[in-house]
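Q: Let me give you the structure first, and then I'll get to my questions.
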Amino acid sequence: MDTSRLTLNHFLSRFQLLRPQMTHETLNQRQAAVLIPVVRRPQPGLLLTQRAIHLRKHAGQVAFPGGAVDSTDASLIAAALREAQEEVAIPPQAVEVIGVLPPVDSVTGFQVTPVVGIIPPNLPWRASEDEVSAVFEMPLAQALQLGRYHPLDVYRRGNSHRVWLSWYEHYFVWGMTANILRELALQIGVKP
């Protein structure tokens with residue numbers, strides 16, 4: 001599938017046609033969720049954040065809004081929506097959730113569930129300075145181009161795992177964020 005002319009309707013029909021298979025087994029017990037905010041435009045965008053530099057984990061990294069599930073969250077989707085509101089001021093009622101991707105294991109011991117949602121283009125999103133240093137929009141068509149991601153095999157604690165790397169403008173997109181974007185591309189039928 002060629003992503004260069006990806007419209008929102010095409011993305012939605014492909015995502016809903018090819019439902020994710022939730023067969024992923026994990027040993028992780030801690031749950032987290034991220035929102036993949038797709039901006040409703042004829043040529044859709046993807047809202048991403050850059051984490052604040054003072055954070056203990058993943059400082060300065062490009063990420064989706066999200067975080068750990070807490071005891072007040074009714075579901076993984078509720079956790080993703082709460083975190084998106086806290087981090088970038090996206091009201092939960094403004095998000096049209098269209099589905100979830102299979103969970104991904106993080107190197108920090110979380111099982112992370114990506115929640116795909118459509119958001120209006122005119123939301124006055126803003127970064128929570130405690131958690132986020134920047135909020136930016138990337139064209140969805142570019143984010144889903146598999147050729148933009150480059151593999152790097154990393155050895156950590158005696159184990160090898162593959163990390164994906166990419167750039168968008170001056171932002172370095174890698175790790176879990178790049179992996180989730182690749183999984184989303186594969187989910188809608190983009191061929192490697």
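Even glycines carry a Cβ here, placed using N, Cα and C.
Take a look at what Swiss-Prot says about it:
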- GLU83, GLU87: Mg(2+) binding site (BINDING)
- 29-160: domain 'Nudix hydrolase' (DOMAIN)
- 67-89: motif 'Nudix box' (MOTIF)
Q: Can you tell me which parts of the same chain pack against the motif 'Nudix box' (67-89), counting only residues 6+ beyond its ends and a CB-CB cutoff under 8 A?
A: 30-35, 37, 47, 49, 95, 97, 100, 110, 113, 115, 117, 123-128, 131-132, 135
Q: Please give me the CB contact count at 10 A for GLU83 (Mg(2+) binding site), counting all chains in the structure.
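A: Step by step: centre on the Cβ of GLU83 (Mg(2+) binding site), count other Cβ atoms within 10 Å, giving 25.
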Q: Taking all residues of the motif 'Nudix box' (67-89) together, what is their mean pLDDT?
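A: A mean pLDDT of 93 is what the model gives the motif 'Nudix box' (67-89).
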Q: So, by DSSP, how many helix, strand and coil residues make up the domain 'Nudix hydrolase' (29-160)?
A: 23 helix, 56 strand, 53 coil
Q: Once the chains shown are all counted, how many other Cβ atoms turn up within 10 Å of the Cβ of GLU87 (Mg(2+) binding site)?
A: 25
